[in-house]
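Per TrEMBL, domain 'ATP-grasp fold succinyl-CoA synthetase-type' is recorded for 3-203. Taken from TrEMBL, the feature ATP binding site applies to Lys46, Glu99, Thr102, Glu107. Residues or ranges marked as Mg(2+) binding site by TrEMBL: Asn199, Asp213. Here TrEMBL flags 262-382 as domain 'ATP-citrate synthase/succinyl-CoA ligase C-terminal'. The substrate binding site annotation in TrEMBL covers Asn264.
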Amino acid sequence: MDIHEYQAKELLSSFGVNVPRGGIAYSPEQAVYRCSELSGERWVVKAQIHSGARGKAGGVRICSTEEEVSDAASWMLGRKLITHQTGPQGKLVSRLYIEEATNIAQELYLAFVMDRKLERVVVVASAQGGMEIEEISEKEPESIVRSVVDPAVGMQAFQAREIAFSLGLDAALIPQAVKTITGCYRLMEEKDANMVEINPLVVTGSGEIVALDGKLSFDDNALFRHPKISELRDKSQEDPRETYAEDRGLNYIGLEGEIGCIVNGAGLAMATLDMIKQSGGEPANFLDVGGGASPERVLMSFKAVLNDKNVEAVLVNIFAGINRCDWIAEGVIRAVKELELTLPLVVRLSGTNVEEGRKLLSESGLNIATADTLAEAAELVVGAWKAAKAN
Ligand code: GDP
Ligand code: MN
């Protein structure tokens, strides 16, 4: 789960990381009011969406009059901001964060990520911040510092100091840098974050280290341990298809294609996506119905899949071990009837109670194509989809 920048900054601040003062605004009027609260001469108006690269898309504006603040706020609020991270549909701006402007002397990059191979948290830092890490690794690869954290001891001050020195920071800045680095690590560990990224982390004109931006991402599977963080979830920033499925306990990931998929087991689901592609189609989603799926759960899966308006054909692929093919068939039949499904539908059943399942389907009198193997099922559904499209 991702959270907004202002929420990330509040958390970072509670772990001892310096952040600029700021306040949230939902209207241009509130934005101007925030400026008077903050006082000062320059403010930054920042669109709060779950995406980076807002600056290039007009979502970060430095202003020196209240009129500029009001104009920037009017422009951003209600707009779907399109960055190269949001996809072409963009993300809706409904909150702004208004901050006192910071006088930047140097922009650094600092991130904490999970390295799956090492099974460790790795700190990635660079003295060339401001641009994205992909760009840094292209343009200034030798500036990137990597440091692996030993989970048994966590981030120690000496290791943080080492990182700060390799960034070429002035000796006077080292204590602040150490506080920032150890604070981020404690946050990551205590709150089960997957990622902490501060870009840019800046050195100000007056010699302070401040997090000007903040991105935090949390492990969904650990959110139950952090109710306060769960509350920060903003569903308006998430893929509505995934939110719908997740709220119903389904393991679903939205994709770009037209063939909706209902499969049991993550491995078989992945293989199914591959087979659809190999047959010349594009999957619309990944969906694992899980083991022991009841007819109700199958019906719910259909709802989640059909909730995506791009879906033009559906493939059900079940290899029943814990599952029961007759239950699956029952669920399929209910879905076709209750949802008045007219799209091409292919069902492949195999395993426990397969005969009963197939019998139910064939006796239903519904227009359901069946297949014996995964390859056959993929061919069938892509063929049916193409035929329907041609009509
Ligand atoms: P992002 O584009 O979504 O990553 O948003 P950021 O919060 O990182 O802002 C983009 C850029 O705007 C930063 O890299 C800075 O160069 C600039 N910026 C943001 N806040 C300030 C500020 O207070 N003062 C100055 N001078 N520049 C800022
Ligand atoms: Mn940034």
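Heads up, the Cβ atoms here are built off N, Cα and C, so glycines get one too.
A Cβ distance below 6 Å to any atom of ligand 1 is met, among the binding-site residues Thr102, Asp213, Asn264, by Thr102, Asp213. Distances between the Cα of Glu99 (ATP binding site) and those of the binding-site residues Asn199, Asp213, Asn264 are shortest for Asp213. For the pair formed by Asp213 (Mg(2+) binding site) and Lys46 (ATP binding site), distance between Cα atoms is given as 10 Å, rounded to the nearest Å. Checking the binding-site residues Lys46, Glu99, Thr102, Glu107, Asn264 against ligand 2 with a 6 Å cutoff on the Cβ atom leaves no residue at all.
In sequence order, Gly52, Tyr109, Leu110, Ala111, Gly129, Gly130, Glu132, Ile133, Asp213, Lys215 make up the list of same-chain residues 6 or more apart from Asn199 (Mg(2+) binding site) whose Cβ falls under 8 Å from its Cβ. Looking at Glu107 (ATP binding site) and Asn264 (substrate binding site), their Cα atoms lie 48 Å from each other. Across the residues of the domain 'ATP-grasp fold succinyl-CoA synthetase-type' (3-203), the predicted structure has a mean pLDDT of 97. The record gives Lys46, Glu99, Thr102, Glu107 for ATP. Within 8 Å of the mean position of their Cβ atoms, the other Cβ atoms in that chain belong to Pro20, Val44, Val60, Ala101, Ile104, Pro200, Val202, Val210, Leu212, Asp213.
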